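Structure first, then comments.
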Amino acid sequence: VIPSPEEQDWPQSGGDVPHLGIFRFRFWRFGRWIEIVIDDRLPTSGGELIFCRPGQKGNVFWCSLLEKAYAKLIGNYEALDGGSTAEALIDFTGGVSEAISLSEESYRTDEEKKKLFKSLMKAHSRASLISSAIRPSQAIEEVLSSGLVTGHAYSVTAIRNINLHSGLLSLFRTHKLRLIRLRNPWGSGEWNGAWSDKSEEWKKVSRREREKLGVTVNDDGEFWMSWDDFCSHFTDITLCRRVNTHLLSTQKTWKEESAFSAWKQHSNPLKDRSGGCPNNKATYLHNPQFCFDVTLDQDNVLISLEQEDRRTQRTAGGGENLPIGFFVFKVEMNRKYRLHCTPRRVTSSTYINSRSVLVHTELSKGRYVILPTTFHPGLTGSFLLRVYTDRASHLRELTQDAPQPSCMSFMVGSPRVVTTITVHAASGLSIPGGSRDPAVYATIHCEGKKVTSRTVKGQNPEFDLKAVFYRKREKRPIIVQHFPSRSQCVFSTASEDE
């Protein structure tokens with residue numbers, strides 16, 4: 001926003017029309033976009049702006065206006081103090097935010113650092129927003145000898161692999177160097193180590209490459225670092241993925257599914273939805289449960305759990321976030337009802353008192369159940385669950401504990417036994433006149449219902465097919481069959497009740 005009449009865009013008819021001083025912003029809050037309208041008056045003291053100020057271009061005020069609109073949304077300027085970078089990026093974009101701690105053991109090996117660099121470079125190329133920070137040990141905003149400042153959210157503006165040419169072998173061999181460019185929110189004060197603006201290392205890079213990277217020698221707050229130095233000095237990364245759900249796009253697209261629910265207390269255990277984390281074994285499965293499907297053999301999955309923001313209550317003495325997290329379980333292919341015993345866990349988030357938590361994982365084909373929980377039982381609050389997959393996942397909440405009686409139950413009967421059966425694998429399969437490496441799939445039949453596995457190649461296929469049946473006639477056998485994918489030959493076995 002540039003407050004200059006000839007560069008503003010508002011209706012003019014026949015003469016000078018005064019600028020109304022109205023600015024409109026939109027923020028994403030808890031699943032919907034909210035419009036905030038402000039005037040153009042900014043708080044000052046002694047003729048100087050108190051909060052966000054223009055940089056070198058002194059007539060650019062869009063950041064100050066954005067800050068005012070955001071303060072109005074949150075409640076006041078005071079509520080912005082000590083706010084979360086991850087939460088702000090979600091509010092500005094509607095994306096999902098992931099916290100990465102570089103101090104964890106998993107990022108200390110060269111291979112893991114390389115893998116993370118590649119992941120961030122791909123995310124940045126897809127318009128994700130990335131910031132980094134140095135966790136303060138004592139004083140916040142302490143200027144270190146390296147020129148970096150603790151407690152600041154440095155924005156990542158570029159991630160590159162560049163070619164280094166050196167020595168007589170430069171005509172025949174190049175060395176790839178991983179670099180990252182950051183910007184100081186103060187607009188001045190930069191990293192003074194290797195690959196800083198005036199460092200000797202830039203002599204190893206051709207002039208053409210430097211121009212391509214946009215290397216300048218200005219104290220503008222923007223600077224380059226090697227990836228190794230970055231990992232050594234910074235402790236935290238915030239990655240906000242602006243998830244692309246548009247059908248007509250040249251970049252990767254995701255299918256988004258979302259659901260609103262709440263943790264609620266109830267004296268009846270069957271209706272209680274505030275069971276706490278797995279430490280509370282007696283009540284853990286009381287929490288809300290959500291089911292979704294992965295239809296590809298392997299699929300990248302993003303799962304985001306977000307609680308309703310409580311910062312607007314801070315001035316009233318409240319407003320602390322609940323410690324939240326979730327577990328993901330692989331369940332039976334045909335599960336329709338709530339879990340009453342804990343199945344195999346495939347992934348989970350950490351528990352933290354932030355507004356949102358995210359897990360980015362890879363899942364195999366099958367059905368899964370997500371259990372969002374607070375850390376302690378008995379806590380209440382609303383939440384939003386979002387799941388992103390390559391194919392539609394059909395996210396839905398499991399609300400019933402078992403099949404409900406119908407008006408025909410007195411004639412056909414009601415379920416008396418619950419049976420879970422797993423087809424792990426088969427061995428020694430051969431098809432007369434067929435391939436030595438047959439493609440087969442398995443089916444489970446029970447009281448007119450059928451569950452089918454994915455197709456697997458080999459004479460010893462592993463199906464990992466699991467099904468649950470609510471049975472009215474428990475004496476009837478359960479039939480397991482193996483079918484070659486393009487043949488009429490059937491391998492069949494019968495199973496009695498477990």
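Every residue gets a Cβ built from N, Cα and C, even glycine.
Copied over from TrEMBL, here are the features:
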| type | residues | note |
| --- | --- | --- |
| ACT_SITE | H152 | active site |
| ACT_SITE | N184 | active site |
| DOMAIN | 1-243 | domain 'Calpain catalytic' |
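Residue density at N184 (active site): 21 other Cβ atoms are found within 10 A of its Cβ, drawing on all protein chains shown. In the three-state DSSP reading, H152 (active site) counts as coil. Mean model confidence of the domain 'Calpain catalytic' (1-243) amounts to 84 (pLDDT, 0 to 100 scale).
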